[in-house]
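**Student:** Have a look at the structure that comes next, please.
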Amino acid sequence: MSVKEKIPAFNTQEDLESYISLNAYTKVYGDFKMDLHAVEAYIQEHVKPKTKVFHSTKERLDFLVKNDYYDENIINMYSFEQFEEITRKAYAYRFRYANFMGAFKFYNAYALKTFDGKWYLENYEDRVVMNVLFLANGNYNKALKLLKQIITNRFQPATPTFLNAGRKKRGEFVSCYLLRIEDNMESIGRAITTTLQLSKRDGGVALLLTNIRESGAPIKKIENQSSGIIPIMKLLEDSFSYANQLGQRQGAGAVYLHAHHPDVMQFLDTKRENADEKIRIKSLSLGLVIPDITFTLAKNNEEMALFSPYDVYEEYGKPLSDISVTEMYYELLANQRIKKTFINARKFFQTVAELHFESGYPYILFDDTVNRRNAHPNRIVMSNLCSEIVQPSTPSEFHHDLAFKKVGNDISCNLGSLNIAKAMESGPEFSELVKLAIESLDLVSRVSNLETAPSIQKGNSENHALGLGAMNLHGFLATNQIYYNSPEAIDFTNIFFYTVAYHAFKASSELALEKGKFKNFENTKFADGSYFDKYIKVEPDFWTPKTERVKALFQKYQVEIPTRENWKELALNIQKNGLANSHLLAIAPTGSISYLSSCTPSLQPVVSPVEVRKEGRLGRIYVPAYQLNKDSYPFYKDGAYELGPEPIINIAAAAQQHVDQAISLTLFMTDKATTRDLNKAYIYAFKKGCSSIYYVRVRQEVLEDSEDHTIQMQQCEACVI
């Protein structure tokens, strides 16, 4: 019987492509191998008929350069013979999509097309070639090494890089931006202008509202004049809607507010389902910055004071964001010159939980947790759209015409991810893999043009901050027959990221010999060595596998675990030579690139062994988990909702010990969960040392024949790499 003869009878539409029907077998009949037939049918029926044919590599390259598809500056770094050889080697790897979703995602979102959208101009191998040419920056031998890492799915650049590398008409290579807004009209106006510029260049932008004076605060000493933060949120939401990135999608933005800002309850109310249209915020993401003191007050069932940012600045000469509310809480409380209002701390957390059930927002950044880990002198005051970027920033000052009086430091980050399963399979090449990944992200930071946002350009040029992450943890665990909620899973996560951290710091230290140190290195905990005490001032066996299973896995894959002596030597080298990058690791959600790589997202468990996605006109697409078969199925059977928040938090906490930034941590709750259950999850994540909480996803009760169980939320495609 042929593949097409196996199409199930329930697909009766005459124009329905066979690959849709074949993919449906994955869910309807549990025949996971049929998804590979769907890939084959998709390539034959859809891709090949729409792919422009060239008779030689030279003809193709000449066409793409002449017609402004490829950037000749990238092409000209190499001889034609080198380009031809890299292309030949790329195709020699005989890359195959592991599932239908991976093929669909590539051709729908990444492949270069003619300007009229009618013809494909690239296969996966061609896109990888353009990435390695760009990331190797003219170094032919390095391009060949990178080719191996990317085309075997060991390392995956973030969407903005993978999509835009080598293109003549492109967006930026940078995934996300973070901007401070200070308490004056010039800063507000400049932030909106910068937001428009960054959003149209495909970036997701997060902005800080903590320092804006509250509603009713004085203006020019006249009381009850300020409108507070809500009108600014409305302006920002309209700006993101207008800058719709060449019509492809609406711009993505988030705003962060400190929990002790007087407008915090109105801030949360903007996401209420029944909010008045005058204040309702539909597409802007919300984030809360919550310090330790808030949890203490809630534990003691006390009132929490909300402090006027206007008065704090007048009294201390510092914005509210730049002080530790936990350390200064009782001083601020006693200061009669600081206006304050009060709400019940437990009521505050109950409201946060209610909003999570209604909308999935707000994100949560644990203020004191991230600042205790901060190796740098200035405070971390916010995060990004996916809550994995945590870096210090400093304010800018402006003239009345919005020109800069003083350029502060704002934040960008260059992202990419290791595929944990493939990285482990790299064995003795593990260190080279991490080194090449760090060098690739560093290159992106050095070639990105961020002149439209001078404060971000300054932050990037001084810090070259990176965010190397990881994905496919559940995939690796399941294929090695380890349950996600087992001690072995936590043990593996701990040792894996311990090993990645060592090689990442080593790579950046070696880069510093070539590129120089990041600007303020001498004032950091890296320079005095104290950051590395956790690896050095411990017993020799402290950072070693605690289970025989994990010890055996590292031996099986021949991945060497760094020793305490390795760290001692590295710490001394870093003190001597410095680091090229202020930040190295951050674990993003990896939505798109996980589908592209046919692997499980980030460190999260799968929602189910076969995920159901809704993709435009195609309708439902069924996505089997990484290497799903009868052997791995039991280890995928309990998905994120069945597992609940505790195992996910345990995994994130294990990794967070070694990640110098944060981890996009999504909590999954069933429809039976209560606000009390959510509050327990916040407290557990807080106590375990997690840096942040991303979305809260709630599986709702739905009609029996519906498969859309989860609250759908707008996500930043630039950030959910």
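Backbone N, Cα and C define each Cβ position, glycine as well.
Per Swiss-Prot, the feature active site, proton acceptor maps to N384, E388. Per Swiss-Prot, the feature active site, cysteine radical intermediate maps to C386. The feature substrate binding site is assigned by Swiss-Prot to T159, S175, C176, G204, N384, L385, C386, S387, E388, P589, T590, G591, S592, I593, with similarity to another entry given as support. The disulfide bond feature in Swiss-Prot is assigned to C176-C413; the stated evidence is similarity to another entry. Taken from Swiss-Prot, the feature site 'Important for hydrogen atom transfer' covers C176, C413, and the record attributes it to similarity to another entry. Residues or ranges marked as site 'Allosteric effector binding' in Swiss-Prot: D183, R213. As annotated by Swiss-Prot, site 'Important for electron transfer' applies to Y694, Y695. Among the features that Swiss-Prot reports, site 'Interacts with thioredoxin/glutaredoxin' is placed at C716, C719.
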**Student:** Filter the recorded positions C176, D183, Y694 down to those whose C-alpha lies within 10 angstroms of the C-alpha of C413 (disulfide bond); answer none if the list is empty.
**Tutor:** C176
**Student:** Name the one residue among D183, R213, N384, S592 whose Cα is closest in three-dimensional space to that of Y694 (site 'Important for electron transfer'); these are the recorded positions.
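**Tutor:** If we rank D183, R213, N384, S592 by Cα distance to Y694 (site 'Important for electron transfer'), first place goes to N384.
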**Student:** When you rank N384, C386, E388, T590, S592 by Cα distance to Y695 (site 'Important for electron transfer'), which of the recorded positions ends up on top as the closest?
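**Tutor:** Among N384, C386, E388, T590, S592, C386.
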**Student:** Could you check which of the recorded positions (T159, C176, D183, S592) sits closest to C386 (active site, cysteine radical intermediate), going Cα to Cα?
**Tutor:** C176
**Student:** Look at the recorded positions T159, N384, T590, S592 and tell me which residue has the greatest number of other C-beta atoms within 10 angstroms of its C-beta.
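**Tutor:** Highest number of other Cβ atoms within 10 Å: N384.
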**Student:** About how far apart, in whole Å, are the alpha carbons (Cα) of R213 (site 'Allosteric effector binding') and T159 (substrate binding site)?
**Tutor:** 37
**Student:** Using other CB atoms within 10 angstroms as the count, which residue among the recorded sites Y694, Y695 scores least?
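**Tutor:** Each of the recorded sites Y694, Y695 was scored; lowest Cβ tally within 10 Å is Y695.
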**Student:** Going by DSSP, give the three-state secondary structure for the residue listed as 'active site, cysteine radical intermediate'.
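**Tutor:** In three-state terms, the residue listed as 'active site, cysteine radical intermediate' counts as coil.
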**Student:** Could you measure the widest C-alpha to C-alpha distance across T159, S175, C176, G204, N384, L385, C386, S387, E388, P589, T590, G591, S592, I593, the residues recorded as binding substrate, and give it to a whole number of angstrom?
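**Tutor:** The span, Cα to Cα at its widest, is 19 Å.
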